[in-house]
Amino acid sequence: GDFYSLLSKLLGEREDVVHVHKHNPTEKAESDLVAEIANVVQKKDLAREITNHDERDNTILVRDRIHKFHRLESTLRPPENRLFSLQQPKHGEGSWEKEHTGDFHIEEAVEWPGLDLKLGQVSGLALDPENNLVIFHRGDHVWDENSFDSKFVYQQRGLGPIEQNTILVLNPSDAKLLHSMGKSLFYLPHGLSIDKNGNYWVTDVALHQVFKLGADDKEPLLILGAALQPGSDRNHFCQPTDVAVDPITGSIYVSDGYCNSRIIQFSPNGLYVMQWGEETSSGGARPGQFHIPHSLALIPDFSQLCVADRENGRIQCFRLETGEFIREIKHKSFGRELFAVSYVPGGLLFAVNGMPYPGEAEPVQGFVMNFSTGEIIDTFIPLRKSFEMPHDVVASEDKTVFVGDVHARAVWKFASTEKMEHRSVKKAGIEVQEIKETIVEARLKNNPESTDPLKKQEKQHLVRQASTGVSFVLITTLLIIPVVVLLAILVFIRWRKTTVYGADGEHKLDSSSARILGRLRGKGGGGLNLGNFFASHKGYSRKGFDRLSTEGSDQEKDEDDGTDSEEECSAPPPPPAPSSS
């Protein structure tokens, strides 16, 4: 119980909001609870199935504490107003899922060089199991008004397949090319996804086909659909847009597409299983109706498949096993078109919309949403260039987001501001300031009016640097002064010894030197005479004292102190004074 109380205090919780076993100590031993927490931390098994209802409630509380503790541990200064909630799924919808909202914010990573890559029309993005960025682009081919006839048959076969590598694997940090493939395979690439084994699943709207490719294979491992033949039956597609593969069952889901309004499920071997969806009716878009199902996001934790219903400007989510409609996510800020959607374990949904129609004001931008509630947590736009037609979006668990634009032929990288600050703090404290200044400078390109706050920030930074310099000089001076004084005292003592006494320790001062030393000792003339000092005391005898007063005590001082003084500060003895007659 004390363990959970302490953990609760560290996480800023109330004393009464602790693990249920604190109030039921007989239900499970404390050692078992600690072992349970260690097991969850090591395996990161936050989605295991739990049969017993009471045990499930207790484990969820433990899991929530661990999740919060890891967030507290992973950031130097966690936001104080971050909110966490738990979403309880319905029966059969999978495990419990943590959701968070609050001051979560996405900014473009302006230092990322990938924006300068020379690409064709960027149609698809994905992350492989190593979190490398994979880009699917059209090379020198372009989808325009001359590409298809009225029956959706491709009209530019004479151009042949794309001669460039259409699949590029990049390092997500520095955009260096790691691998490329897909040459002479595709005509008009569109959707891209990657399964848990690292296989690439792509669609080609000109070929009306879906392909499964190994990361190192030149030939497809599986092909669905008939080449260059549009259709609406079980064996044909009509401009298929995207693919999603269930990591648990291996089932394949295809959104089909521009001229069909359906989602088709296939077995892992490519056998038809079922389909759902229909065209949007004239009276308005109802649940399960599509007007270009353009992008898919599979949510295995909740056994749901979410579809970006492009021309209806919404997200529809369905049950994987049955295709049953569950809910719709739609916001006015989406505008008329919503192009792509991506899900991140932990409860975040990312999306990008289309350009506004004439007379409409909703800007083209990216969205971050709470999956359970559907509310918008944040929106984001690039600082370099501008979105023209963002076509796909993909996000990683560390909240790194990539957006590919089919018209701008570019890929942007975005990251949460807390993530960038945390990474910089781990390297060096000063880098936090550098990243923030980079973001501010990029903003100034689009907002020149914000120069005054930047100047104030620079002035404050200079003042901090100046104050730091003054403090350093002051501390150094205070440390040096005592050392200099000590050295001066030692030199003076050494000089006095070598001047007052000779090599044999006998008194060698002349009368003028004696008078000077007498003044230094507080006497007007001559040396200090201990005999005269003690003569006034009763019973005192002067016999044998005068010589000892100047030889014994001072010589002992030479023997005791001379070595230390010479080690700390040695000075050459001055020339002997001329002897007096």
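For all residues, glycine too, the Cβ spot is worked out from N, Cα and C.
All annotation found in TrEMBL is predicted automatically rather than curated by experts.
The repeat 'NHL' annotation in TrEMBL covers 178-216 (among others). Residue counts for the repeat 'NHL' (178-216) under DSSP (helix as H, G, I; strand as E, B; rest coil) come to 0 helix, 20 strand, 19 coil.
The repeat 'NHL' feature in TrEMBL is assigned to 229-269 (among others). Summarising model confidence by region, the repeat 'NHL' (229-269) averages a pLDDT of 97.
What TrEMBL lists as repeat 'NHL' is 277-321 (among others). When Cβ-Cβ distances below 8 Å are used as the criterion, the repeat 'NHL' (277-321) is approached by residues 47, 89, 92-95, 97, 191, 193, 241-248, 251, 253, 255-258, 261-263, 327-330, 334-343, 345, 349, 351, 353-354, 371, 392 of the same chain, each at least six residues removed from its ends.
Outside the repeat 'NHL' (374-417) by six or more residues, the chain places 101-102, 104-110, 112, 114-115, 117, 119-127, 131, 133, 135, 137, 172, 191-192, 295, 327, 329, 331, 333, 339-342, 344-346, 348-355, 363-368, 439, 442-443, 445-446 with a CB less than 8 A from a CB of the stretch. Positions annotated as repeat 'NHL' by TrEMBL: 374-417 (among others).
Residues annotated as transmembrane segment in TrEMBL: 469-493.
TrEMBL lists 543-581 with the feature region 'Disordered'.
Residues or ranges marked as compositional bias 'Acidic residues' by TrEMBL: 556-569.
The annotation compositional bias 'Pro residues' is assigned in TrEMBL to 571-581.
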Tally of residues which DSSP labels helix, strand or coil - the repeat 'NHL' (374-417): 1 helix, 23 strand, 20 coil
